[in-house]
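The substrate binding site annotation in TrEMBL covers S60, N109, E150, N157, Y181, Y232, V250.
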Amino acid sequence: MELQQLVDRIASEVTPGGAVADYIPALARVDPHAFGLAVATLDGEVFGAGRHERPFSIQSISKVFTLALALAENDDVWTRVGREPSGSPFNSLVQLETEQGIPRNPFINAGAVVVTDHLGLGASDRLLEFLRRESGNPGIGVDPEVAESELDHSDRNRALAHFMASYGNMRNPVDVVLREYVRQCSIAMSCTDLAKATLFLARHGVRNDGTRLLGVSAAKRVNAVMLTCGTYDAAGQFAYRVGLPGKSGVGGGIIAVVPGRCAICVWSPALDARGNSVAGVDALDRFTTLTGWSVF
Ligand code: GLU
């Protein structure tokens, strides 16, 4: 089946269900029934269906790109954050105390805050620059309404950051890091933009302009951490159903990587109890079933 036919078929078959995230009030205003899907192939072709050109809040999907940017500099970020699945909710505090302020992995909030701290001041601008280049869309920016709403409701993330600071695992002031972190989560992008920006992970670290961001093993490692930790405390279920490295966000987006073939982004804001898009996981499940393209 041609990829365009495939994405059209998937878009016509899935049914959005669940509830939108409302702990960040600005996120609660999106249409829960929206659905978009884009597949970008290694040669840069994009096949889209539904509202694949509509920007949405990327939220935790940003954590994949900040990790990649940090690893592109060096790998000492791994002295500050682990790479085991947490089995706990993405904003949990409990493990931090028993594990002396070292977060389990870079995709839970505590771990992502450490990675942002590692990148330092200007982290969100560097991220924006990277995302604009890879997607070829210079219009990508921060949604100011989401950023303000998130900053106003960031007590939990602030607590995580202060807790890690008490263990000496923060280099910059908590306020500065939190502002960068909230900006990165509040970036708005479409499925098409995100699928293109994820291609470097399908190309074993090589960017769309042919230059290399990551070595082959660093790219493999980012994909591995996505597979084991990328979909909150449902990463096992995601691997079981979809069989691809993936990263979700509470804005309802999920990116997924088929190494050597393509990158996929799906968006549908209604989430299940663990925070993953219901129609998004369903669409990716159908994609790997129909194509046979999983890593297993
Ligand atoms: N900005 C959100 C938070 O920090 C990201 C959560 C997510 O998408 O998992 O709570």
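Every residue gets a Cβ built from N, Cα and C, even glycine.
As the structure is a computational prediction, the values presented were derived from the model and not from experiment.
Here the features listed in TrEMBL are painted onto the structure.
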{"residue": "S60", "record": "substrate binding site", "DSSP class": "helix"}
{"residue": "N109", "record": "substrate binding site", "DSSP class": "helix"}
{"residue": "E150", "record": "substrate binding site", "DSSP class": "helix"}
{"residue": "N157", "record": "substrate binding site", "DSSP class": "helix"}
{"residue": "Y181", "record": "substrate binding site", "DSSP class": "helix"}
{"residue": "Y232", "record": "substrate binding site", "DSSP class": "helix"}
{"residue": "V250", "record": "substrate binding site", "DSSP class": "coil"}
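The Cβ of N109 (substrate binding site) lies under 8 Å from the Cβ of S60, F90, N91, R156, N157, L160, each on the same chain and at least six residues away in sequence. With a 10 A radius on its CB, E150 (substrate binding site) counts 24 other CB atoms from all the protein chains. In this structure the residues listed as binding substrate are S60, N109, E150, N157, Y181, Y232, V250; their two most distant Cα atoms lie 19 Å apart.
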